[in-house]
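Asks: Attaching a single structure in structure tokens format; questions to follow.
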Amino acid sequence: MQTKASNPPDGGYGWVVVVSAFVVMGLTVAVLKTFGLFFVEIQQHFDGLASTTSWITSVTIAIFHLGAPVASSLCVRYTHRTVVMTGGLLAFSGMALGFFGFNMVWMYVTTGFLQGLGISFSWTPAISIVSHYFSKKRALANAIASAGECAFAFTFGPFFQWLISQYGWKGALLIIGGIQLNICISGALMRPLASSCLLEDSHSETETPPGNSASRTDKEDKPPIIHKTFSWRLLRRPEFVLYSIFGILAAMSFFVPPLFLVPLSYSLGIDESLTASLLSILALVDFAGRLLCGWYANLHVTKTIHLLAMTILLIGTSLMLLPLANNYVSLAIFTGFYGFFFGTTVAIHITVLADVVGMAEFDSALGLFMLIRSTGGFVGPSLAGLIVDMAGDYRAGFYMAGATLILSAGFLVTLDQLQQRKERGSQTSPKREKSVLPFPSLHILKHK
């Protein structure tokens, strides 16, 4: 797509990219979120423990995150379009091979490893290219794109339940894999931006005031392409480290509720059809939360990091209260609260990352952030499964997730305090320069 360097990408064909990313989100993360419907079926088929079965989701989440830096690097070497289409083929392969279901290890490799790599190679470039196409409307564009997983999950809940009842869990996996091939079509629509646009974003983020020779030399020594590749240099930035710790703790919690919501519902004696409707409710309120929060964040009334910290606290509180439900109505209400606040969080957490590191470092930061966050995604579901086995109650998993999220909010507060301290320091430094600079000049004139 040829775009003039003087016009930063903020619309136009970008909306086609947003719609394509919308579909990619739906065919990747929405499938992962509704995989809880297969949990009981697989557990009963292999006669395994909850902790053993939950490793399938743990592997998927871990590879989803671990593959992100690889996907980011491939986007630079090739294009976002190519990587997304490759991800679609990998996701299909994972589900299609999972159809054979030889044993639990086979499930770890197929619906775990291959599916996770396919999600990573699809999700990472999709969310990245949306952020490059938009600047002023980035929060809104990211919210709309991410809402794809909610829109698809709304129908996937009852649809997957129907597939399992008609074709068994193995046949359902094969059909879902075929549906995921549509990721390739969405990826083909993600037209690469003209290099001039991306370079302009990089230059605008790293532009320094006149006279700052050290910064100018540093920028000249590092071509713009370096800012978009995977780099460990970000680990020297305290802001990024704090946000990464938040990401680890959040990832430990985010995938636990969808995994154990269905088993918890069954343990309360709720009918299968009503249980599937819980996932639809979760997706519907999640969708509303993303769009509402994306619209509000776009108004720039509240700092995005403040908004994120508030929503994280509300999610944690919702999860701590959810186990109090003892029937379908109360469970649906608590699920609705959790889903809405979860949606608001997902709508802006990538935007906050861009605010923390700047667009010049965004692609590198996204890959590294996902890599670091993988530890939380890998440990969270399996740890929750272990706690459930020890307690003998699915409620224990929700308590763990809620407490971990509340703890993660503390790191966002610390990050905000650090940013405010730096902002105050940058505001006072020009005043000091004005009071100090005249004296050396007078000293030079005196010697002249």
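Here, residue 1 is simply the first one shown, and the rest follow in order.
Backbone N, Cα and C define each Cβ position, glycine as well.
What TrEMBL says about a protein is an automatic prediction, not a curated fact.
As listed in TrEMBL for this protein:
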type     : residues : note
TRANSMEM : 12-35    : transmembrane segment
DOMAIN   : 14-420   : domain 'Major facilitator superfamily (MFS) profile'
TRANSMEM : 55-76    : transmembrane segment
TRANSMEM : 83-106   : transmembrane segment
TRANSMEM : 112-133  : transmembrane segment
TRANSMEM : 140-160  : transmembrane segment
TRANSMEM : 172-190  : transmembrane segment
REGION   : 202-222  : region 'Disordered'
TRANSMEM : 240-262  : transmembrane segment
TRANSMEM : 274-293  : transmembrane segment
TRANSMEM : 305-325  : transmembrane segment
TRANSMEM : 331-354  : transmembrane segment
TRANSMEM : 366-388  : transmembrane segment
TRANSMEM : 394-415  : transmembrane segment
Asks: Cβ pairs under 8 Å with the transmembrane segment (394-415): which stretch of 83-106, 140-160, 240-262, 331-354 has the most?
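Replies: Stretch with maximum Cβ contacts: 240-262.
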Asks: Using Cβ atoms only, state whether the transmembrane segment (140-160) and the transmembrane segment (55-76) have three or more pairs under 8 Å that are 6 or more apart in sequence.
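Replies: Output no: the transmembrane segment (140-160) is apart from the transmembrane segment (55-76).
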Asks: Would you mind listing the long-range same-chain contacts of the transmembrane segment (12-35), meaning Cβ under 8 Å and 6+ residues beyond its ends?
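Replies: Result: 1, 3, 56-57, 60-61, 64, 84, 87-88, 91, 111, 115, 118-119, 122-123, 126-127, 129-130, 133-134, 141, 144-153, 156-157, 160, 176, 179-180, 182-183, 186-187, 189-191, 255, 258-259, 279, 282-283.
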Asks: What parts of the chain pack near the transmembrane segment (112-133), using Cβ distances under 8 Å and only residues at least 6 beyond its ends?
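Replies: Sequence-distant neighbours of the transmembrane segment (112-133): 9-11, 13-14, 17-18, 20-21, 24-25, 27-29, 31-32, 55-68, 70-72, 74-75, 80-81, 83-84, 86-95, 97-98, 141-142, 145-146, 180, 183, 186-187, 190, 193, 197-198, 201, 350, 354, 359, 362-363, 366-367, 370.
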Asks: Which bits of the chain, at least 6 residues beyond where the transmembrane segment (274-293) starts or stops, bring a Cβ under 8 A of a Cβ in it?
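Replies: For the transmembrane segment (274-293), the list is 30, 33-34, 36-37, 143-144, 146-147, 149-158, 160-161, 258, 261-262, 265-266, 307, 311, 328, 331-332, 335-348.
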Asks: Residues sitting near the transmembrane segment (366-388): Cβ under 8 Å, six or more positions beyond its termini, same chain?
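Replies: Counting only partners 6 or more residues beyond its ends, the transmembrane segment (366-388) has Cβ contacts under 8 Å with 49-55, 57-59, 61-66, 68-73, 120, 124, 127-128, 230-232, 234-235, 240, 243-244, 247-256, 259-260, 350, 353, 394, 396-397, 400-401, 404.
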Asks: Residue list, the transmembrane segment (240-262) vs rest of chain: Cβ under 8 Å, 6 or more residues beyond ends.
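Replies: Apart from its flanks, the transmembrane segment (240-262) reaches 32-37, 39-40, 54, 57, 61, 65, 234, 275, 278-279, 282, 312, 315-316, 319, 322, 335, 338, 342, 345, 349, 352-353, 356-357, 365, 368-369, 372-377, 379-381, 383-384, 388, 394, 397-398, 400-402, 404-405, 407-409, 411-412, 414-415, 418.
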Asks: Under 8 Å between C-beta atoms and at least six residues away from its ends: which parts of the chain pack against the transmembrane segment (55-76)?
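Replies: For the transmembrane segment (55-76), the nonlocal Cβ contacts are 32, 35, 39, 42, 82-83, 86-87, 104, 107-108, 111-113, 115-117, 119-121, 123-125, 128-129, 225, 228-230, 251, 255, 259, 363-364, 366-371, 373-375, 377-382, 385.
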